[in-house]
């Protein structure tokens, strides 16, 4: 007596595929059984394989193809260039001199009429909440600084400096003048600092608290101080001696609550504006007009 017909393994596989993946994914191909015209038998490839190869693309590495397609879709823009990995950094906002004497105080040293990009030295300050914002710029490739002093001489001064290092960055550093030597202090009150080196100028901006805990190396800015202005070269990110022998200073103590626009002529213009020089010019002019007796 004959038993029930035996099912071929291929039929069981097809049934399992129907249950798990659905009819659309389990459409049988003539090549599966090796039957039908153009099918594949156990002895090799039959006719029609070339056409099948053209209809169904083959991949040597399915993972590599998937990764490449994912990269093209996710990381390449329409022009084919990779998307940036981080948003671009905002450029350094230029210092506005139109606000000098109005919403901030300014000191200019150099040629009459100069601004933050043409003065030999430029400093501005303004109150922002519990902070003072400083802007410094100088015609140098090294460093630019401002010192807060109880007199007009170096020694025992709190100094903030913007230093251009060998990597092209401008860092804000804190120093304390010991005589004629500036010692870097690790405790740095600066925050929100930014700086740039362009057109052979070091320019920076930072904030500093008005009130600080008592410390001999950090002064309270709510008090009035003489301001010392200096700039000079740097070697491997370390400051060296300032450019001029007698750096300019404020004529009187500066209050951060009073905004002025103060111009100080550089040495070249101080020569022609000194009282003795003006008297000499007047005397020479009178001599030339009157003639010799």
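All positions are counted from 1 along the displayed chain.
Using the three backbone atoms N, Cα and C, a Cβ is placed for every residue, glycine included.
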30-56, 57-83 - the one TrEMBL records as region 'Disordered': 30-56
Annotated stretch (transmembrane segment, per TrEMBL) among the listed ranges 253-271, 272-290: 272-290
